[in-house]
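Below: one structure in structure tokens.
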Amino acid sequence: MSTDINAGTYTDSGTRGQTGFRQSAEAVFDPAGAPAAPSGRVLTLVELRKMTDTRSGRWLMAVIVAAMFGMVCLVVFAGEKGDRTTPELFLASQTGMSLLLPVVAILSVTAEWSQRSGLTTFALVPRRSRVIQAKLQAGLILSAVFVALSAVVAWGGHALALATGNADGGWGIPPALAGTRLLDCAVSIVTGIGFGMLLTSPILAILALYAVPLVLGILGSTVAALDGTMEWLNPGQALSPLSEDAGISATEWVRIALNCGMFAVLPFTGGLLALRHREFK
């Protein structure tokens, strides 16, 4: 005598037949039915939202935008007439962005530890380098958006200066200046992500980000023998040509490349290597 239960065939000996069991196993363990890993585009959009759709992210975005308008208004109403050109307004509008964009990058990485989201993130995407690549792409997109917005704010400031009779120069923003600003923002994003991966703590990473140039600047100003050396080692000095409306000499490009290697590429590479072997608990 035999009895069918849940599509399985039970015989008199109490053993279950194989037909129903095989069908159930195929339904549960079918690899073709498993969800695919998110595409690079989806990961980038997710990371972009994580940068902007959190409480800290929204505050940072608001401060950056407020600083854009505030600095442009300050130059228009209180600056020298020679500073009311469109390129100078463009540079002034990016003051807050230069300071806070690397913080946005740091928080996007350290949140995986401080908010304990890394367990979920790296379970869904086991290749951790893909997640970091998405964070990098999201940061670069955000940088480009802010640079474009700062150009719009600069043009608005120039229009306001024209209306008040305080304008100087035309409407143009030199393409070379826009390019160097994009490069500076990209370096900031890479640096922030690198520090975040290395230190994993938002407080330590932000302190290191601001303390290193500060300490090097103090050493350069107090020790006369180090003054020339700090022009090469201090990122605050070496990268300053990227924030100026002037041509960049070959020597300055070498300093920029050296500083990018020390404070952007090395931390990023070291942090990525550490991330591959770091456990999430």
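Easy rule for this one: first residue shown is 1, then count along the chain.
Backbone N, Cα and C atoms are what each Cβ position is placed from, and that goes for glycine too.
Nobody curates TrEMBL annotations by hand; they come from automatic prediction.
Okay, these came from TrEMBL:
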TRANSMEM  59-79  transmembrane segment
TRANSMEM  91-113  transmembrane segment
TRANSMEM  134-156  transmembrane segment
TRANSMEM  176-199  transmembrane segment
TRANSMEM  206-226  transmembrane segment
TRANSMEM  253-275  transmembrane segment
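How buried are these features, and what lies next to them?
Beyond its flanks by at least six residues, the transmembrane segment (176-199) meets 87, 90-91, 94, 97-98, 101-110, 132, 135-136, 139-140, 142-144, 146-147, 150-151, 205, 208-209, 239, 241-243, 245, 247-248, 260, 263-272, 274-275 of its own chain at Cβ-Cβ distances under 8 Å.
Listed as Cβ neighbours of the transmembrane segment (206-226) (distance under 8 Å, sequence separation of 6 or more from its ends, same chain) are residues 102-103, 106, 191-192, 195, 199, 233-237, 263.
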Six or more residues out from either end of the transmembrane segment (59-79), which same-chain residues have a Cβ under 8 Å from its Cβ atoms?
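The answer is 52, 88-89, 92-97, 100-101, 103-104, 107, 146, 149-150, 153-154, 156-157, 160-161, 164, 166.
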